[in-house]
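Heads up: the structure comes next, in structure tokens.
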Amino acid sequence: MGLPATFRTNTFRLTLLILALFATAGAAFLGYVYFMTAGEISRLADMSITKEVATLDAIYQKGGAEAVRGAMIERTSIDQPFLYLLLDPSGRRIWGTIPDVPVGQSDERNIVWTHFKVAEARPDGSHETRPARGERQRLAGGEIMFVGADIGDTAAYVNKIVRAIWGGGVLVVLLGLGGGILISRNVSRSIGGLNAVIGAVKGGDMRARVALTGAGDEFEELGSGLNDMLDRLEHSIGSLRHAGDAIAHDLRSPLTRLRTRLEVAMLEVEAGKSDPQAALVQALEDADGVLRTFTAVLSISRLQAAGSAPDQVAFDPGQLAADVAELYEPVCEDQGLEFSSEIAGGLGVKANREFLSQALANLLDNAIKYTPAGGAVMLRVRKRSSGEVEFSVTDTGPGVPEDQRERVVQRFVRLENSRNRPGAGLGLPLVAAVAEAHGGRLELDEGPGKVGAMGPGLRVALVLPRVG
Amino acid sequence: MRILIVEDDAEAGAAMARGLREAGSDVVHAPDGVEGLKVAEAGGFDVLVVDRMMPNMDGLTMVETLRRHGDQTPVLFLSALGEIEDRVTGLRAGGDDYLVKPYAFAELIARVEALSRRRETGAVATTLRVGDLEMDLIGRVVRRDGKEIDLQPREFQLLEFLMRHAGQSVTRTMLLEKVWEYHFDPQTNVIDVHISRLRSKIDKGFDRAMLQTVRGAGYRLEA
């Protein structure tokens, strides 16, 4: 479109609207001023003319046209500002200072007002035409009397006022337009900054941020809000991308393993060295392993990306823990482990039951997996003095060296001494993700001590914030 | 058993149909929800296996429509959507069971079998009987060959589920879901341990083992 960008801005349109309102108000105000000044001057002039007409009419009542003539002559000589003309009933001029009545004589109305021009000789001999105004009156005897006044000075005065009013008006409009353009430019610049950032982000640059000047105004606030939003988005997108990359990466090795095994099995079967059915069973088991890994990675990634576990409800965790304990107790006994549980009642947590159950199951799975026969596993649910609810699983296995504790919470980290055991190294990371998705945390500590030659054991605590 | 598979992935549908026919069922395959609805309304199926996401009409809508029309044929939903809320939506729409893709074929067969049996046990029974094993659901007493067997509450639930599905394979996942109501996969063989405990209680001292392990699938209680 033809208009420059500034004129198309909303701010400029708003300025125009305000300007129009302002101009209307100004016009009303100036009109009032005009009425009270220039208008008043004209009215005063009219009044003096009317008065003079009345005076002369009174003189006529007493002495007729002749007396009026005398009065006119007399009044002219004492430098009255009036212009006179007296005509007899037949329209002949009796006396006057102007050549003719500026209104038609045939007009039957008694009193007629009119504007007219008079030529006045200047001292240098030239003539000047000046505006005048007068009243014609038909006298009782049919004579026509005209009294006018040179309103040149008044008109000039009124003109000055009118010019001042126009000037003021034009100034208001110009200032308004100029101010509007200036404000619009300013606003446009601020919004332009925001738009540039939005454009950059749309274009794929998640790093673009609004430059903040520290002005503390609403644009600053908007920009800062936009920046915060972009930070969150970037973080979320980052987590998702990371999750995607991780899944791709994490599945590559087990899939490669599966493929290699199938290939080797095929070669062996072809060479008659292997049983096809055994190879298929092995392949199925491998595929199941890949699927388990995939499910676990997906759960962790989803929890991490969502930032908060879905479907959280408030409940007493005692029953949930008792159920998980009931599920695992026979497994412990089966593995020659002593199992005990200490579950405090009357606690409250707000959590997703399924995830919390799975987290506890993972902790018990781990404890059972890494504790040699003859050891002990304990599940405890209690309230900490801080008010937080702690779910802990303690074992008497080899434990995790202090400098490794942070590592084992990361995905796919498996310590050297666990390499020969099943698992993908996703148990603890999932528990950590569950803890975080509930606003809690995972703590790893040394266990309570040794049982015989075993220990010092591991104590893993899932700590959830208090409810209410 | 007559099964209708409603699955838009032709290859997956065909493989499923082949597998189920192999297992002795009569299988019809519909490629989308609209077709599936038409075939299902014609009736005569024991179980419907319905994919959730399909062109034309998704599985949820299809099953909702069926249920609205009064059809009570058991439905097993198949879906790549495995979150808890997806499961809940599926069951609310009228599904009877929910299987998350990808799944083991043994799991599918076991669940389809379990669903097909559901109808026959519709009457409220107070006693379950499988061979010489007898379960009194009200007195909560289990006897085999007249000899009372002492079971823990969870073992009782486990046996009840197995008895209700006697002769059918049930998988570890099914047991975990139906008896413990957990929808995750423990790394250790928890279910095996519980089963072996139950087995020692109901089979020990008898010359015939009723609780059998089905290779690659799970377990089966045989009369």
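Glycine too: its Cβ is placed from the backbone N, Cα and C atoms.
Unlike curated records, TrEMBL annotations are generated automatically.
Positions annotated as domain 'Response regulatory' by TrEMBL: B:2-116. Within the domain 'Response regulatory' (B:2-116), the DSSP-based counts of helix, strand and coil residues read 54 helix, 24 strand, 37 coil.
According to TrEMBL, the feature 4-aspartylphosphate maps to B:D51.
For the domain 'OmpR/PhoB-type' (B:125-223), residue counts in helix, strand and coil come to 33 helix, 26 strand, 40 coil, using DSSP. The domain 'OmpR/PhoB-type' feature in TrEMBL is assigned to B:125-223.
The feature DNA-binding region is assigned by TrEMBL to B:125-223. Mean predicted confidence for the DNA-binding region (B:125-223): the pLDDT average there is 91.
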(message) Under 8 Å between C-beta atoms and at least six apart in sequence, can you list the same-chain neighbours of B:D51 (4-aspartylphosphate), or say none if there are none?
(response) B:V6, B:E7, B:D8, B:D9, B:G59, B:F77, B:L78, B:S79
